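As recorded in TrEMBL, the features of this protein are as follows:
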{"type": "TRANSMEM", "residues": "B:6-24", "note": "transmembrane segment"}
{"type": "TRANSMEM", "residues": "B:31-52", "note": "transmembrane segment"}
{"type": "TRANSMEM", "residues": "B:58-76", "note": "transmembrane segment"}
{"type": "TRANSMEM", "residues": "B:134-152", "note": "transmembrane segment"}
{"type": "TRANSMEM", "residues": "B:183-205", "note": "transmembrane segment"}
{"type": "TRANSMEM", "residues": "B:217-241", "note": "transmembrane segment"}
{"type": "TRANSMEM", "residues": "B:261-280", "note": "transmembrane segment"}
Amino acid sequence: MIEAKDIRAGYGDGADILTGISLSADRREIVTILGPNGCGKSTLLKTIAGYVRPRAGSITFGGTDVTAVPIHEKVRHHKVGYVPQTDNVFGTLTVAENILLGARQLAKTEKEKRFAALMDQYPALAGKKTRKASALSGGERQILSLARALIAGPEILLLDEPSAGLSPLMMHEVFDAIGAIRDSEGMCILMVEQNAFEALGIADRAYVLSLGQVAMTAKASDLLEDPAMRKLYLGGEVHAE
Amino acid sequence: MFDFFIHVASIACLYGVLALSLNLQAGFTGLVNFGLIALFGCGTYGAALASGMGWHPLLGLPAGIAMAALLGLFYARLGRKLSSDYWGIATLSIAEIIRISITNEQALTGGAQGISGLPLLFAGLKPYDGMARLALYVVVLALVWLFCQRLVKSAFGLSMKLMREEPQLARSLGYDLDRIRRVVMLVSSAIAAFAGFLYAHYLTFVGPDQLVSPETFLIWSMVIIGGVANNRGVIAGAFLMQFAMAYVPFIKDALELPTDFVAAARLIIVGGGLLAFLLWRPKGLFPEKVGGSNGR
């Protein structure tokens, strides 16, 4: 579904942050991108999403070349949903208005049907749909931004640190919701995360980045059980059994 | 005194139209344009050039709007590469370059002397011509206000506000920010040029002194004092500021102050008014009504 080959990217005239990264992700799969701060995780996701144009390499979605396609066109024409890390809701709009922003291209009846389905799926939002999004907690905002991305029925979902700034309880709720999306909707989910153990708990595969390159790729379950990996990249001592 | 009131109200109406133009850019879309006066100047010089070339005076309007549209698109194009604050500085610089070029060009613009002798609207209706012009300006202001209201309450108006509030998030929802910027600049430039066209045929004179940057900041003070992103508010701000500045000489006479007081007091009204409102009432006299998918 997502195929990125030999991606080199950076900001402005600065040095390359990504120095030749290749990755892939399929339908019904959660692929997580892990690594220490500054390794290029978010830049990679932004490049795949279309915020940053790669300096070299290619990106395809379902076989279609989207290397130079900006984010707004990917969302409108390539069935992509993107959930940013922070500033992910419009605080002055209500919960319902926020969600419906993601459904601008749908017919009215389809929009209403999907909105009702999302309200059933996320009862915490249903109870607050007329409230301003600025009144929601961090976890509720993250769920709201997920729901907004889902209403258009994307085939690819890009998540930038969905657990950023959340309490452990809320983090579990958000990860449960992401896992449920993969299982029920069957979409391809690419997720950048800092909380490696939580992310590996729901992911199918993972790429571990270091200094703008892929240092390791493996099944999530294998990475979780690899003591060397835990020590090197995942803060293994903390969670060692 | 009545004629003076008519005069001040006429100018306030035209500034009100300009304030609505700036409000579309800065208030609703977050485009901090410090070069608005150059768009206004396209309208004034459009009128002057049409008159100077012997065209029908009304042809000055499309000429001015066409020039303003080109300049507005150039501003919008710059916005693709520059962040908000740098874009604001760039627009200020371009407006100054245009003013200095006009000052130093003689054949087309008349240089520092400007172009005079433009036809005065409704000149044949004396002694009621002033009231007729004011009536026209009120109608124009009302129509522009109505247009702006409909625009900002439309789906496109919502996209303008989303761009202002969270531009990166708006992009992730499929909004093309370059297109929004282009459309807003085109529409607001046409409105500013329209105000300039009417202004030129009101004063019957056009010159580069009308395009100095303090004029831009006067319009900014009207928007900030009236209420950013509130169309009714910015019109109120235009009238408040215009009348406050116009009546300064009367206060000077009443208090027997020196003539220098007038210029200084006007600067204080603009600068002090801006500062006071930014510090103590940043949302202006009529704050924006936030929220709502209908664009309010």
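Each residue, glycine too, has its Cβ placed from N, Cα and C.
What you are looking at is a predicted structure, and each value in this text was computed from that prediction instead of being measured.
Sequence-distant contacts of the transmembrane segment (B:6-24), counting only residues of its own chain at least 6 positions beyond either end whose CB sits under 8 Å from a CB of the stretch, comprise 33, 36, 39-40, 130-131, 133-134, 137-138, 140-141, 144-145, 148, 151-152, 160, 184, 187-189, 191-192, 194-195, 198-199, 202, 218-220, 222-223, 226, 228-231, 234-235, 237-239, 241-243, 246. Contact between the transmembrane segment (B:31-52) and the transmembrane segment (B:261-280) does not hold: fewer than three of their C-beta pairs are under 8 Å, each pair 6 or more apart in sequence. Against the transmembrane segment (B:58-76), stretch B:183-205 has more CB pairs under 8 A than any other of B:134-152, B:183-205, B:261-280. Away from its own ends, the transmembrane segment (B:134-152) comes close to residues 6, 9-10, 13-14, 16-17, 20, 23-24, 28, 121-122, 160-161, 187, 191, 194, 198, 229, 231-232, 235, 295-296 of its chain (Cβ-Cβ under 8 Å, at least six residues beyond either end).
If you look at the transmembrane segment (B:183-205), the same-chain residues 6 or more away from its ends with a CB under 8 A from one of its CBs are 10-11, 14-15, 17-18, 20-22, 24-25, 28-29, 31, 36, 39-48, 57, 60-61, 64-65, 67-69, 71-73, 75-76, 114-121, 133, 136-137, 140, 144, 148, 151, 156, 160.
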